[in-house]
């Protein structure tokens, strides 16, 4: 109830209005809606690269006249048919990963901090609607230019499905109950990359055409749009601000004020913070720097697989598009095993200690498994070696990538709490830039160095970076104690806790975890 204090009536949240006090069904409905968004984004990214889609796109679009228009300096207008195919393959992966990922990295710097100030719900709804509409644009475009621009805008909107979800989960779940929702989010963000190409490759074999990829994704996105609409705002300060505005409008009494409205930033300050905060975190926070390198390299491997799996199995084993699509079962299996391990092992170990570093147990296993999987994948790629060997390697790699991805979100959310979206966005900048540029050169690298040695070099780098979770497990708490940014977060949390009227005994209200040894 509002509390009168002289000339001001302070607006507070009722228990049912506070996201931390929502019922468990409402919390998991919100989590489900957001995970569905993330799943569709993941599927839209990799589904576009489904085996067989490229050749169909080449046949149906006037590529030679539009490649030059895109400003690629090394493209000649008098391309032969074979040259056009090679250039389009390069451009298509540019579109698939580089455009979507680079734009995602840039847009995250704006959307994440912006959502922390004005709320997340409107950002979700607008972004999702634009993301959904772009399926229509891409499917109906008669030129490659329209397809690329559609993917560009789609990537800009779709980044919301990866950037803000971790922050929203941190908005509604406390430290002790956040593990499973984060695991579901990580699963959804990666599983789409396996399930969609698996289905779409057989659609291509049946001659349905690449447009049907967009049609199916449009139908799925339209159905899920209703979940997004009904999930509601998760940001406590945004809910409180909106409540104060409604009371002033309803009563005509300007004395109704929320403490979160005090010292509200100007538009200029908002834009400045939105552009600088994630980059500042990325450059000054050791934890974010460590995870950025490790997560970025894991993302490099992830997109290396997506970009090269068809090329390797077609040239080495002469598989068809439909058969190559079956390889994406390893995505489902590896990521699924990661989710199971997180549920039965990681969460139980976390409950015993309940500190941010307790999120790293399974990550240490992932740090060991990633290079092992890469080595197996490297030396089983010979045509005379049974294809199951590579599938085993892929499964281990994807298990490790899931663990790393999930840990990044869970650990960042625990360590940076109310600034979780900005911290996640900061490491995503590095992750997306590295992952986004991978398809531009990975196939050429495989051809120049050889399938075996390329994957072997990747495995060696993975082994070196695998020490990151071990370092953070031992020294992470001390690093956070010395971090000025973490200390400012603790002070801000204390202030916002008072403004929102949160119960002091709530597990959310334990910023001392960031400060005590």
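Cβ atoms here come from the backbone N, Cα and C positions, even for glycine.
Whatever TrEMBL says is automated annotation, not expert-curated.
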Range annotated as transmembrane segment - as stated in TrEMBL, picked from 121-140, 141-160, 241-260: 121-140
Between 262-282, 325-345, 430-450, which stretch does TrEMBL give the note transmembrane segment? 325-345
Segment assigned the feature transmembrane segment in TrEMBL (from 451-473, 474-496): 451-473
For the record in TrEMBL, which of the ranges 28-50, 51-73 is the transmembrane segment one? 28-50
Do we see three or more Cβ pairs under 8 Å linking the transmembrane segment (287-313) and the transmembrane segment (121-140), pairs being at least 6 apart in sequence? no
At least three Cβ pairs under 8 Å linking the transmembrane segment (121-140) and the transmembrane segment (212-232), pairs spaced 6 or more in sequence? yes
Let me spell it out: take the transmembrane segment (28-50), skip the flanking residues so only those 6+ beyond its ends count, and list any with a Cβ under 8 Å from a Cβ in it. 22, 92-93, 95-97, 100, 124, 128, 131, 135, 151, 154, 158-162, 165, 168-169, 172, 181, 184-185, 187-197, 200-201, 203-204, 213, 217, 220-221, 224, 227-228, 230-232, 234, 306-307, 321, 325
Residues sitting near the transmembrane segment (325-345): Cβ under 8 Å, six or more positions beyond its termini, same chain? 50-51, 179-180, 183-184, 186-187, 190-191, 193-195, 197-202, 309, 313, 361-362, 365-366, 391, 394-403, 406
